[in-house]
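Now, the feature entries from TrEMBL:
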DOMAIN    A:293-348  domain 'PepSY'
TRANSMEM  A:31-55  transmembrane segment
TRANSMEM  A:162-182  transmembrane segment
TRANSMEM  A:214-234  transmembrane segment
TRANSMEM  A:381-401  transmembrane segment
TRANSMEM  A:421-454  transmembrane segment
Amino acid sequence: MSIDLETTTPAIGKQKGRGLLPTLYQNVWRWHFYAGIIFAPFLIILALSGSVYLFKPQIEAQLYKDMLTVREVGTTRLAPDQLAAAVRTENPGLSILSFSIPSDAKSTVKMSIVKNEVPTTLYADPYTGRTTGTLDTDKTFTELFKKLHSQLLLSGTLPNRIVELAASWGVVLIVTGLYLWWPRGKFSIWGTILPRLGKRGSRQFWRDMHAVPAFWLSLLILTLILTGLPWSGVMGKGIDNIANSTNTNYPENAFGAGSLESVTLAKDVAEDLPWATENIPVPASAVGGYVRLSLNEVAAIADRQGVIKPYTISMPDGKAGVYTVASADDRPTNNATLHIDQYSGAVLTDVRFADYGIMGKVIMLGIAFHEGKLFGLANQILGLIACLGLILISAGSYVMWRKRAPAGKLGAPNKPRDKKVTIGLLIIMGALGIIMPLVGLSILVVLAIDLLVIRRVPALKRWFSA
Amino acid sequence: MMKKKMTLAGISLLASASLLLGGCQANTSGQDDKGMIPHLTVDLQIPDKLKPGEASRFTILVEENGKPYDEFYKTNFQFWPEDGSSPAVSAEAKLTAPGTYTVTQPASTEGVYRVKFSGVSSEYEIMPSKRFAIGANAIEHLAELEKQSDAAPAAPAAPHH
């Protein structure tokens, strides 16, 4: 198979023939090609679902307007205890698990409740005490896109791992893509930083629609992928472990719940926690025949401790449980996680953004950026541009591939003969595989298939240009 | 000479790296061996036998990490009937021993009551409360209340004056 590199990449024609650089180019191109063919569909799904989920606040404010917004802003708000009592009167048999204090005067109050053993979310008007509605937060419109984004609408661990695998290979695609894009020979603006739009529909046109936007958006897309990885199952856990072992995550003595009497983690008993404090151990309240504090008292403590609204008060879990006040506000710098003795009101733990280590801070800022919350609408628009760009880049690559692929063959770049370069690149890929374990695992699987199947079946060998 | 310079440079580099890393680490200052920040523990003591009309002594022992704490600038005890039938009565707590605050309060008529201690200092704020009963019937009622409160949500705050 002959590959016309000159049409696909400006100035690459001069590197035709034998030599280190053309061989390296050919190898990188093969990795980029196969990774793109396999993972571009997943990246399109992630970009599409992400672009919708970015605008969750605006979408939900419209879809559930009557539930999330009060009809009329009154002069005085009911205190938390009074509002909780009104809700219980209106909905007998209900127990409240958490109570959120909003910052916006127009917002209703969100409560996590259990009614008839079914957990759900209830909203109430803080001026009238009226329940405005209940919502299964797992089944909202935007939650559908969140599930698509994080687990492809499927349940179990495997879909989440596939998403992580695709995102990790997204990093490889960006790195290899930038190498392929890098101008070689005589520099020309056209085809490098500006697309050549003259021959519409040509391979050159689609190559530029793929490579040029990819160059411009590479840093943004890379940032979005990297800021999403803390949520992932394998790499996310690794990031958390590194942050904990270097004491750069959140303040926790001895960095292990095993050193504490309690092994309950904050995420097991509290809601709306910042990512950085999800795994902090929960202390115990001192039991001794005392009466539990009221919601009003806990809210007053939170206010006096300078916790910025909105925040959520999670109820104590059992007699030795604690109240947890958590603020996972859009601005990470407002993050707060307080555990309060349910009887004495003593603040047992108090973790703020300023207390996080460097990794905790960077990850929290990254998560806010990933979700479009760090700097408002501009952040959302930036995220949208990256998502739409990623869809264009991925779709463009498919058109480009279909235009180039000869009949009866995959159209993959030929395998270079220089084994030294191939092995050298494999070592680099292996290093990436160590950083991103699922990438490493998938490389091993691909190598095994290549050695055991593709190379032994001539038809497959031809089809894959192996 | 060169070797000495290299050693000095190495030490300086290590020291700078440690300082930089220290600045990047999570703030764990002031935490105890259980990862908790300094906080107060309390022991609110209610007289064993309370009779209507008789003065009774209510005491609270306050400790900070096992040592008596008496840095409050504001302390008081509040008493009110559990059913909220009358407003809360407030009495200033007196420091009678290190970390020990007391108040002597005449017991009212039979019934279930609540006592709440409020202590505010520049560092801390605590507000523990307990129920107590005056009279035989009230003791039974209190036992019932305690049973119910095990499953109950937040307790109501003191009634307003």
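Including glycine, each Cβ sits where the backbone N, Cα and C put it.
All TrEMBL annotations are machine predictions without curation.
When DSSP labels each residue, the domain 'PepSY' (A:293-348) comes out as 13 helix, 18 strand, 25 coil, counted as helix, strand and coil in that order.
Through the fold, the transmembrane segment (A:421-454) approaches residues 20, 23-24, 27-28, 31, 34, 161, 164-165, 168-169, 171-172, 175, 234-235, 238, 415, 460-461, 464, 466 of its own chain, all at least 6 residues removed from its boundaries and within a Cβ separation under 8 Å. Residues 9, 25, 28-29, 31-32, 35-36, 38-39, 42-43, 46, 149-152, 192, 211, 214-215, 218, 221-222, 225-226, 228-229, 232-236, 429, 432, 436, 438-439, 442 of the same chain lie 6 or more positions beyond the ends of the transmembrane segment (A:162-182) yet place their CB under 8 Å from a CB of it. Long-range contacts of the transmembrane segment (A:31-55) within the same chain, counting only residues at least 6 positions beyond its ends with a Cβ under 8 Å from a Cβ of the stretch, are 142, 145-146, 148-149, 152, 162-163, 165-167, 169-170, 172-173, 176-177, 180, 224, 371-372, 380, 383-384, 386-388, 390-391, 394-395, 397-398, 401, 410, 412-413, 425, 429, 446.
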